[in-house]
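Now, the feature entries from Swiss-Prot:
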type: DOMAIN; residues: 12-308; note: domain 'Protein kinase'
type: BINDING; residues: Ile18, Gly19, Arg20, Gly21, Ser22, Phe23, Ala24, Asn25, Val26, Lys41; note: ATP binding site
type: REGION; residues: 339-364; note: region 'Disordered'
type: REGION; residues: 395-415; note: region 'Disordered'
type: COMPBIAS; residues: 404-415; note: compositional bias 'Basic and acidic residues'
type: REGION; residues: 455-506; note: region 'Disordered'
Amino acid sequence: MSKHQTQVVGDFTIGPEIGRGSFANVYKGYDNRTKAPVAVKSVFRSRLKNQKLVENLEIEISILKNLKNPHIVALLDCVKTDQYFHLFMEYCSLGDLSYFIRRRDQLVQTHPLISSILERYPSPPNSHGLNKVLVVNFLKQLASALEFLRDQNLVHRDIKPQNLLLSPPVHSKEEFKRKGYSGLWELPVLKIADFGFARFLPSTSMAETLCGSPLYMAPEILRYEKYNAKADLWSVGAVIYEMSVGKPPFRASNHVELLRKIEKSKDEITFPVSAEVPDDLVRLICGLLKANPTERMGFQEFFNDPLIVYDVQCADEPLECSNVDEQLFISEYLPNLKTSPPAKPAPETIKEESEEEERAERAPTDSLLIGKEADLRIPRPMEGSGKDEVIKKLINKSSPPPDTVKDGQIKKGARRDKDDFVYEKDYVVVEKRTVEVNAIADELAKAGAGAVAIPSPHLGTNEHSAANPSGPTETQTQRRFSPSSRTSSIGSNRRPSWGDRKMPISISPTNALTKALGYTSNRLFGQQQQQPQQAQQAAIESAITNVTTNLLATKTLRPLKPSQETSLEDTEVINQLELLATMAHAISLFAEVKFSQLIPLPPSSSSPGSADYDEMYQNDAFPPQMVKSISSEGVALYVETLSLLAKAMSIASDWWHQNSSKPSTSPKLNDLVQWIRSRFNESLEKAEFLRLRLADANEQLVGESGSSLNKPVVAEKLIFDRALEMSRTAAMNELKNEDLLGCELSYSTAIWMLEALLSNDEEPVTGNEKLDAEDKKIIELFINSIGNRLKVLRQKIDKQGVRS
């Protein structure tokens with residue numbers, strides 16, 4: 001539905017858009033029966049791509065239906081259509097608290113009510129915060145709502161200014177008392193909204209799910225420790241600080257840096273002198289912003305704080321609001337802005353560290369932490385792959401913060417970046433391979449005989465599987481990549497891998513794969529034949545992912561000798577698929593670091609659709625420019641991943657076209673193909689999410705002040721730089737004889753990332769080579785250099801007996 005259309009749904013008419021997010025848009029509407037204004041949260045069904053997201057929405061609906069409190073936004077009705085879940089909610093015409101804080105200087109000139117409020121209760125000179133009376137008013141109302149939630153054993157888990165909505169003040173003190181409001185009757189009324197993360201949590205219970213917005217997230221959640229309802233009190237402290245000062249207490253470009261800053265502060269909260277924050281507010285804020293939850297102020301102490309219990313001196317007279325139209329949304333009073341309020345509050349990102357601080361940040365002892373302190377918000381693709389998390393930590397520790405907005409980067413009226421269109425084309429090319437990828441996977445899944453037949457995983461089958469059951473067509477099977485092509489991993493024209501050039505293979509990767517699959521097959525087809533199909537597929541995928549991840553840490557692959565189980569021809573294909581799958585896995589771990597920066601998830605979460613896949617709500621803490629930077633890099637990396645996986649599936653397709661007459665297929669080959677199909681669909685889904693975030697960020701930048709003029713994102717450069725940075729960090733650790741196994745993993749992953757650049761050296765759109773001869777020569781030199789380092793390191797590890 002466009003911004004200017006009206007649509008009748010049930011007893012309501014939906015009007016213009018007043019806000020938007022990745023999963024829902026918010027519209028202004030009205031009740032056809034009473035003509036009263038309403039807010040309509042329209043959630044896109046198409047973007048709820050897994051059951052967990054649907055469950056979150058249903059939880060929000062069920063909670064709101066049963067919550068009746070004057071300081072909680074009321075749910076009036078809910079209507080489901082083919083395209084949307086429409087939530088008709090109480091209309092708060094003054095927008096959210098964040099918008100009120102950020103836009104008050106403009107609103108004071110155009111909005112009669114805001115002008116009257118700030119004239120009566122002005123902010124301190126040179127302060128970006130609010131007057132103490134306003135802060136205490138909102139604080140009392142927030143405390144009232146939280147006390148109600150505590151009585152219901154509910155924890156909100158996403159308290160932030162963007163979720164605190166404001167309604168105009170009531171018209172009399174009598175009406176204020178009759179409706180049960182807290183605070184000051186002549187001032188705006190604050191209401192808590194967005195219960196998508198809320199859950200029932202008795203006071204003695206602990207939770208461990210990561211949710212909420214990073215800038216307001218309690219440190220125990222950032223550390224992945226179990227937490228209780230007191231996590232909400234940290235968020236309250238951060239909100240009070242922002243009301244008083246005009247910015248969050250801690251700001252950073254990523255979650256790890258945010259936690260580092262919180263811990264570095266040692267509970268010493270700094271307040272700008274210009275903010276003139278009163279002592280009693282300072283005391284309350286410092287009591288709430290205790291990093292250790294056991295030292296943090298408790299709920300009863302908070303509810304009994306003098307600022308909340310005692311009345312504050314005020315004018316006790318109604319504000320001048322005779323010219324206020326309470327049905328107009330607050331942003332409509334700013335004629336130069338779009339109807340939709342701009343993006344959620346844009347926190348300033350950290351300034352560049354000095355060179356000495358940067359070197360300290362990269363110190364070897366800090367680069368490879370594997371404890372809770374180093375945990376990152378990274379979605380974990382498969383439960384069985386513990387090394388994946390280590391690799392992503394290594395990648396992230398080597399990651400500089402995303403580019404921040406600098407002066408001159410934004411120009412009004414600028415067109416969209418050219419590289420946006422380039423990556424759109426690349427994305428479309430790999431997206432079009434979806435049907436082909438799933439078609440060949442379906443065919444191979446059906447081709448087994450007897451006990452060796454492997455069931456299709458059906459991951460995304462409804463959306464992605466080919467509709468043609470008769471098998472791939474001629475055009476589907478004759479792909480650009482074949483076993484004899486230049487880009488194939490074996491054959492006379494194959495570029496020798498680093499393993500071929502430098503060292504013998506002591507452990508056959510495919511033997512490792514055979515053992516893993518043999519164990520899995522015994523469970524599937526031996527004593528546990530009645531195992532549910534979903535559990536079977538989880539076991540298969542876990543085994544494949546374990547092996548693929550292990551290949552990152554073991555020797556690079558070589559053509560293998562035939563075994564009794566597998567023919568030479570099958571072995572060659574399996575070898576090629578393992579090579580490409582491992583390269584794709586290495587790049588996808590890098591891509592998921594970017595993905596996780598916009599969607600914070602716990603490391604225990606698994607693939608989309610699983611019960612542990614946490615809320616995929618957008619990260620509202622980042623300004624549009626940073627979202628653009630992160631998402632564009634993520635899309636570029638996922639395109640590289642998808643290209644490698646598509647190439648692997650093309651090889652499988654060519655093999656199947658020549659061998660479809662065989663009575664059965666190799667279980668190992670089949671499992672690899674199903675794993676590749678699953679990874680392709682998962683990567684495509686995540687790339688699509690990032691692409692939508694990129695489009696939203698571009699629209700916000702164009703709407704506010706023009707598009708950014710960033711340097712174009714080049715996936716090859718991202719991968720190359722990160723591989724070298726990981727190697728440098730590993731070398732520093734190795735010299736200090738620290739975390740040698742982590743060094744081995746860093747070196748190995750770096751080699752695979754560089755090998756992927758050489759293997760995937762072709763533009764998806766034009767077919768031209770991405771790298772020139774000089775680039776390839778440089779990459780080869782680094783592969784050899786890192787490989788030599790890895791060989792020496794492994795000798796040291798074996799000599800010291802570190803593995804044991």
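Just so you know, glycine gets a Cβ as well, placed from its N, Cα and C.
Mapped onto three states, the DSSP output places Val26 (ATP binding site) in strand.
DSSP assigns Arg20 (ATP binding site) to a strand. Using a 10 Å Cβ-Cβ cutoff, Ile18 (ATP binding site) registers 24 neighbours. Under 8 Å, Cβ to Cβ, and six or more positions away along its own chain, Ala24 (ATP binding site) finds Lys41, Ser42, Val43, Phe44. Residues belonging to the domain 'Protein kinase' (12-308) score a mean pLDDT of 86 in the model.
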